[in-house]
Amino acid sequence: MDKRKLGRRPSSSEIITEGKRKKSSSDLSEIRKMLNAKPEDVHVQSPLSKFRSSERWTLPLQWERSLRNKVISLDHKNKKHIRGCPVTSKSSPERQLKVMLTNVLWTDLGRKFRKTLPRNDANLCDANKVQSDSLPSTSVDSLETCQKLEPLRQSLNLSERIPRVILTNVLGTELGRKYIRTPPVTEGSLSDTDNLQSEQLSSSSDGSLESYQNLNPHKSCYLSERGSQRSKTVDDNSAKQTAHNKEKRRKDDGISLLISDTQPEDLNSGSRGCDHLEQESRNKDVKYSDSKVELTLISRKTKRRLRNNLPDSQYCTSLDKSTEQTKKQEDDSTISTEFEKPSENYHQDPKLPEEITTKPTKSDFTKLSSLNSQELTLSNATKSASAGSTTETVENSNSIDIVGISSLVEKDENELNTIEKPILRGHNEGNQSLISAEPIVVSSDEEGPVEHKSSEILKLQSKQDRETTNENESTSESALLELPLITCESVQMSSELCPYNPVMENISSIMPSNEMDLQLDFIFTSVYIGKIKGASKGCVTITKKYIKIPFQVSLNEISLLVDTTHLKRFGLWKSKDDNHSKRSHAILFFWVSSDYLQEIQTQLEHSVLSQQSKSSEFIFLELHNPVSQREELKLKDIMTEISIISGELELSYPLSWVQAFPLFQNLSSKESSFIHYYCVSTCSFPAGVAVAEEMKLKSVSQPSNTDAAKPTYTFLQKQSSGCYSLSITSNPDEEWREVRHTGLVQKLIVYPPPPTKGGLGVTNEDLECLEEGEFLNDVIIDFYLKYLILEKASDELVERSHIFSSFFYKCLTRKENNLTEDNPNLSMAQRRHKRVRTWTRHINIFNKDYIFVPVNESSHWYLAVICFPWLEEAVYEDFPQTVSQQSQAQQSQNDNKTIDNDLRTTSTLSLSAEDSQSTESNMSVPKKMCKRPCILILDSLKAASVQNTVQNLREYLEVEWEVKLKTHRQFSKTNMVDLCPKVPKQDNSSDCGVYLLQYVESFFKDPIVNFELPIHLEKWFPRHVIKTKREDIRELILKLHLQQQKGSSS
């Protein structure tokens, strides 16, 4: 075509793109006719330079523009590969290049083309020449466009792939609004050698024009689908940064290209047939040539990488470096092409450094490539670095990778707008935001490559593609969770660049925080450890592993670290609790094990703990602020975790003031700084006087003031078994707690009461052992045995029985302190007997049938009954008439059979144990009563060594026989056998004394008269009798106490 020079027309321009092949005369004449018929249109003025033959247009494109139709048109008439004629234009410093894309989609040919072709990429080749009749006189050589892109794998975001080319919004017109309803376009391709000029650009010819893109007309509607909602002005700061750029806004709804001042270069265009484009657009195979590149809207640092022919997926340039390089390029009048994207009022700012491309893996590339055909992406894959320099191609795989990534990071528009705007504004004050996208990370060159799933790719999204993205939204979110590395690499940079990054906040909230341990801080004023009192130097920190207490003693600052595995108990005493202490601050209490004191001493670097006294085990912290319920619950949770780790289950339960005070109440003020500084002044406890402290704690001491005494007790009465019991306890409105009597010991009763001799005194302390779970002491045992034989046993049985004191057997078997005996010739049995010989000076035990000996061994009570000690062998007698019913009842228990009450005695028979069982089973055989000398062992637990006990008793009887009867008699296993009949057993570890008393009581009620073997006593008494025995004994003592009080008062 001929070179013409036309004046600049502000509102009309047209670019005619022709293939680099010979055109027929009819085609040329048609173009000349069109140009001559419309003098206001743009005329091509500069010849196009030759393009490389290896790069071809994939379809013939004819870019036309009319005054009213400012849309893209594609010429389908030329089906052959035609190489167009070069056209050049002269440079003019006063004019800018303007490229207007004429739409022919609304013609029959355009509609047909739109219906026939799928949404694939338009492919441009180096041979394509784009010319404009409105180009100024500047000669632009080698307007390079991007390589041909395979249709299936390309992104939909066409306008997002060329940031250096700015398209003016055409949605303001009716035709533009109709584009939204049409299917979205796929990504266009530009070749490195395609160059484009617009009258909006200045006429300076410096560098090569780049980033031109062919738009597929049946998909170009999406270019402005979002554009109607965005600003139509070019970033003001961008114009300041590019000193030679002349940015101008078209007032009409046409599409404009903003191109930096460049040196005169050839503007070539070429095309191929439309059928070839259609065939390639339907191709499903993924093929990439090294000369192709996909244009992605990225930052200037990425453009510089692309210019240097380095893959974008392998590194990310530094932000500072990028900005510096950008300024340098602008000062050198480097040619830069900006594609204004008319979507969502976003315009590219050349200074934006936060736009990052990422490095996708091969596996991700395969997975994401299926979405590429639905994405429209703008890329500034090429950019000139200095004057006269030409852009170079980049690996097409890099672009394809970038395209695939955008689908993963794509969110809905509301999320994108909300997240992107504050980030962009944080970097560019006063600048308008670019196209909205979700910035996953912000990184720099020095940080190295980042994962593709968090790349910050600015993109367009069609309605149809939006549906696909929404379906994969959950996949994108899960992908973010799998990339903790991204967050780590970018959190530092984003914090430096962005004052607020909601994306990082969202990602950090998604990341699990299971590594964080429970931690609680308290502000405290003082700490008390043994003799030390320290002032606070911070907060006490409590975790599962340690407790850190920073404090100061004199001029020494100490940070005590207590290992929680050595904690025994803890307590939190609020000021409102335990009003007896009158505390104004809460106290945090820790009790550590004694073996940890050495470690505490080492940390304190103090010789105060050299003695390792008991007071050093307690750590008291006086808190400054009241403890909230939330802090209290969190403290219990921490202690529960510690108790699980250390195995101290009691640690999970806090000690109350009443429970913890006995631990340190005996400490003097010299031993414990807490007693000296705190308790003495706050609680008014007399220092060093444990009894007075205890009296103050229990409110037992008399009031020190002159106020009227407020009643702190109440009377309780109880009726049981026809008897009344009276007790005193605290008021119901007071805090109920266990109270141990700490006053003077008071004698309640003497039994038997005077004037009977040998009375036994029972005090209030003895009543405590009658509580459930307590062992009965010897006083209660002796008292009740005396009570039984005096009150419960019959006179006949009393004459035949004798009960030793519970101290008898202990005295008999005790070890002698004096090793030298008066008579060394005495045997061991004689020595033992000598210890208790006075116990029977007024009684002859050999005149008794039953001798009861309470035995206590290893805190276990059981009963030994010496039966018929005066007999040398078993004797069978007739049942006495008076005891026939009792004996028959006993036999029914022994044999588990019933015997008639009117059973008559028969002649005396000497039967063995086996014969006795057979005669018992036969009702017609007459029965005899057996009196057998033996030692019965009635044990409810069978935990004692009964053989030693039996042997000791045999030896005692042998010596006692010699003393009393002055003859020798041997008590052996044959003539004094030991028997252990089956008796009711205890079901706990504390009722052995109760069972002993019940054995004696049952014996007196139902004595054993027939000692024929075997003796069965399993059903001697019901179990419920044992359950009430303690309370019965208590009531008995209180009843006797009241009786004796009345008797003494009268």
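The backbone N, Cα and C atoms fix where each Cβ goes, and this holds for glycine too.
Cross-referencing Ser11, Ser379, Ser827 with Swiss-Prot, the residue annotated as phosphoserine turns out to be Ser11. In Swiss-Prot, the feature phosphoserine is attached to one residue out of Ser224, Ser433, Ser476, Ser615, namely Ser433.
Residue-level annotations in Swiss-Prot identify, among Ser386, Ser443, Ser907, Ser972, Ser443 as phosphoserine. Noted from Swiss-Prot: of Ser155, Ser444, Ser462, the annotation phosphoserine belongs to Ser444. Scan Swiss-Prot for phosphoserine across Ser256, Ser373, Ser536, Ser646 and the hit is Ser373. Residue with Swiss-Prot feature phosphoserine, selected from Ser25, Ser228, Ser581: Ser25. Taking the Cβ of Asp939 (active site) as centre and 10 Å as the limit, one finds 24 other Cβ atoms among all the protein chains shown. Taking the Cα atom of each, Asp939 (active site) and Cys992 (active site, nucleophile) are about 8 angstrom apart. According to DSSP, His860 (active site) is assigned to a strand segment. For the region 'Protease' (760-1050), the model gives a mean pLDDT of 80. There are 18 other Cβ atoms within 10 Å of the Cβ belonging to His860 (active site).
The Cβ of Cys992 (active site, nucleophile) lies under 8 Å from the Cβ of Phe775, His860, Trp861, Tyr862, Ser940, Leu941, Gln986, each of these being in the same chain and 6 or more residues away along the sequence.
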